[in-house]
Amino acid sequence: MSDFDIEALIRKSHEAKAHAYCPYSKFPVGAALLTKDGTIYTGCNVENASYPLCLCAERTALVKAVSDGHRQFRAIAVATDMVNNFAAPCGACRQCLLEFGAEWDVLMSKPDLSYKMLKTGELLPHGFTPDALQTFQDGIQNGKN
Ligand SMILES: O=c1ccn([C@H]2C[C@H](O)[C@@H](CO)O2)c(=O)[nH]1
């Protein structure tokens, strides 16, 4: 059982998709990120004529939230127009979501609002986390690195 309204969050991610700036890929993506305190930040993909600078919807929502002071999250819903596939975050987004914990929910949806739910840590198993850097720093303190 989730302690938040899954359908409402997914719906918001589909609404956010309407703002996608994607003249190159023509692949709109929306995201809705729920913070621990119940605030919702939305995001969309923002592309650029310099293709590698394209921003994904998930990271747009994440940086909006973090830059407002949020670091604890309950869930992120991701939306695309694909009817045959759930909206799976790309590798870079998985890494950025994992930065803020391995135990919060990623809701990958379709336009009919059906979804697949996985934890951030399930989406990127064996990921590189802040813990690894902490362990490294501890090793330096103890003369082991
Ligand atoms: O998880 C994803 C995957 C892709 N995109 C965007 C990036 C680019 O603008 C377009 C096509 O890759 O979709 C996202 O926003 N999120």
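Each residue, glycine too, has its Cβ placed from N, Cα and C.
Secondary structure from DSSP puts E58 (active site, proton donor) in a helix. Taken from TrEMBL, the feature active site, proton donor applies to E58.
DSSP classifies Y51 (substrate binding site) as helix under the three-state reduction. Residues near Y51 (substrate binding site) in space but far in sequence (CB under 8 A, at least 6 apart, same chain), listed by position: Y24. If you look up TrEMBL, you'll see N45, V46, E47, N48, A49, S50, Y51 marked as substrate binding site.
The Zn(2+) binding site annotation in TrEMBL covers C56, C90, C93. Sequence-distant neighbours of C90 (Zn(2+) binding site) (same chain, six or more apart, CB under 8 Å from its CB) are C56, listed in sequence order.
Confidence across the domain 'CMP/dCMP-type deaminase' (4-131), taken as the mean pLDDT and rounded to a whole number, stands at 97. Annotation comment: TrEMBL describes 4-131 as domain 'CMP/dCMP-type deaminase'.
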The domain 'CMP/dCMP-type deaminase' (4-131) - residue tally per DSSP class, helix then strand then coil: 40 helix, 31 strand, 57 coil
Sparsest Cβ surroundings (other CB atoms within 10 Å) among the binding-site residues N45, N48, S50: S50
Cβ atoms near A49 (substrate binding site) (within 10 Å, other residues, all chains): 8
